Structure formats: C-alpha cells, structure tokens
Amino acid sequence: MAEPRNDNESSSKVPLHEQDPEKYSGSSDSSEDEIDGQNQEDLIRQMLRMKLHQGKSRTNEDLAKKKSGKVKNIITMAGAGISTSAGIPDFRSPETGLYNNLQKYDLPNPQAIFDIEYFEERPEPFFQLAKELYPGQFEPTPCHYFIKLLEQKGLLLRHYTQNIDTLERVANISGDKLVEAHGTFHSSHCIEPKCRKEYTQEWMKEQIMRDVIPTCKECNSVVKPDIVFFGEQLPDRFFTCLVDDFKICDLLIIMGTSLTVQPFANLVDRYIVKTLN
Ligand SMILES: [Zn+2]
C-alpha cells in the first residue's frame, strides 16, 4: 500500500484483474459464499485458463509443468486487486481510492497519513482511518482461498502480499507461508526505540474502536500497528525469505498488482525473470 507510484509500468505487467476487471474481479456474492472444494477446483481451473490466455510462451510452459506435476514450489505475489472485491478500497483507484477520500483529515498531503514523521506528531488521522478500515470487517475473496488451497495441496512455497488487510490470515494461510511485505495489523509495537513493547491485534483493536490513541503501558509513547509507513524499513522477513525462496521457485503467480509499487516492481526485474529462465 501507501508507497510512491513508479510510472514505468509496462503493458506486459498489467495484472489479470486490470486487463479484464469484469471477468476477473469476482462478485461480492462469491466472497460471501462458503468456498467448497468443488468451487476451489473450478476457481483454479478458471485462473489457469486465464493465465494461459495471457499469451506468453513461458506461461504455457508453466502450465504444462503444473499439469505434469513438476511444479512443487509456487510463489504467489498479491496486491490490492485481490482485496477490492471484499470492499477494501485500492489506495490509488480514482473515486474509490483511499487517497481521494482523505480531505476530512486535513492533511498537508494525502500520503502524510502513512508518513512516520507526521504520525509521530499527529497520530489521530491514521487511527481514525484505521477505525474505518479495520481488519475483521471484511471477508477474504476467492483469490485468498485459492492461495490457501495451494498451501493445502503442498504447493505453496510462499505468499508475498503488499496488502495490510490481514485477509490472508483470515483465510487461514499459515503465518510461515506469509510474507507481509508492507507489514500487518496482526501485531503492534510501541514507537519509542528504547521500548518497542509488543501489543496484540486484539488490544490494538479495542483502543481504536474506543477512539483512544493507543499508548504504551510501559513508557506512554504511541503504539502503532506494524504496517510499514513511509520512512520505515520493510520487515526483515521480506529480505530473508526473498533470497532463498526465489532460488527454488518453479512457478510464480502474480495477482492483483500492476507491479508499479516497490518493492515488488524491482523484485520481478531483479530476481524472478532471471530465476524462471
Ligand atoms: Zn513503550
């Protein structure tokens, strides 16, 4: 989320849901249905069929490998597009995009709401927004259950997500299979560097829902969900998993991201093309 846009997007990187939104976004009804085994199988078939039709020869080869059972280590990468059908606004979509709906917070600029320096001075706008969008009010989409199915089949090496909505965890994707590249609401920490006391999602939720600025019991500093703000480092886990994972990845599935947001954009160029060749 909340990272500066890099406009060097190439058409070959346009994700499935953006190429044909009606066909790919999934209806809100489907996200409310219980996804049974048959629906999951159908979903996989549909997604692979669509992937096959995207035209790249490597995709055909990948599918053939998948059918022959040679694919064993699948990496999935996901962005906001897999959660928009759950009702979570994409940060950059016109009209519904979050950055276009922040006037009420009286910010110096829209991105200030995720700027760590601004947050340290004035945390109220972030927590007001967090209350509106708090995880737990939304249901996972078929895409999330597709990733869970890959895990159940023993095929998921890792799921890299740019999303902070925790819908992967709601879909019961195991924590060790997840890399939440832009952080998560799953845990929170005191922002005072000498303290860094950890707090649970339940505790944070209670504070936010009561319209209280969460403060540390030890040092009285503000406590912030572990989502990555501007001016903050990505989680260590992102970098540690990255190197080993892409050495053994034999199929990469990219969903719901146009790969214009770092670090995913660079990731594909630097690691994945080389790895899959
Ligand atoms: Zn503290």
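Every residue gets a Cβ built from N, Cα and C, even glycine.
Remember, TrEMBL labels are computer predictions, not curated facts.
Annotated in TrEMBL:
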- H182: active site, proton acceptor (ACT_SITE)
- C190, C195, C216, C219: Zn(2+) binding site (BINDING)
- 1-23: compositional bias 'Basic and acidic residues' (COMPBIAS)
- 53-277: domain 'Deacetylase sirtuin-type' (DOMAIN)
- 1-40: region 'Disordered' (REGION)
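Neighbour counts of Cβ atoms within 10 Å were compared for the binding-site residues C190, C195, C216, C219, and the top value is held by C190. In this structure the C-alpha atoms belonging to C190 (Zn(2+) binding site) and H182 (active site, proton acceptor) are separated by 18 Å. The DSSP secondary structure for the residue listed as 'active site, proton acceptor' is coil. Annotated Zn(2+) site C190, C195, C216, C219; additional same-chain residues within 8 Å of its Cβ mean position, judged by their own Cβ, are I191, E192, K194, R196, K197, K217, E218, N220, S221, V223.
DSSP assigns C190 (Zn(2+) binding site) to a strand. The Cβ of H182 (active site, proton acceptor) has 24 other Cβ atoms within 10 Å, all protein chains considered. H182 (active site, proton acceptor) sits 22 Å from C195 (Zn(2+) binding site), taking the C-alpha atoms as the reference points.
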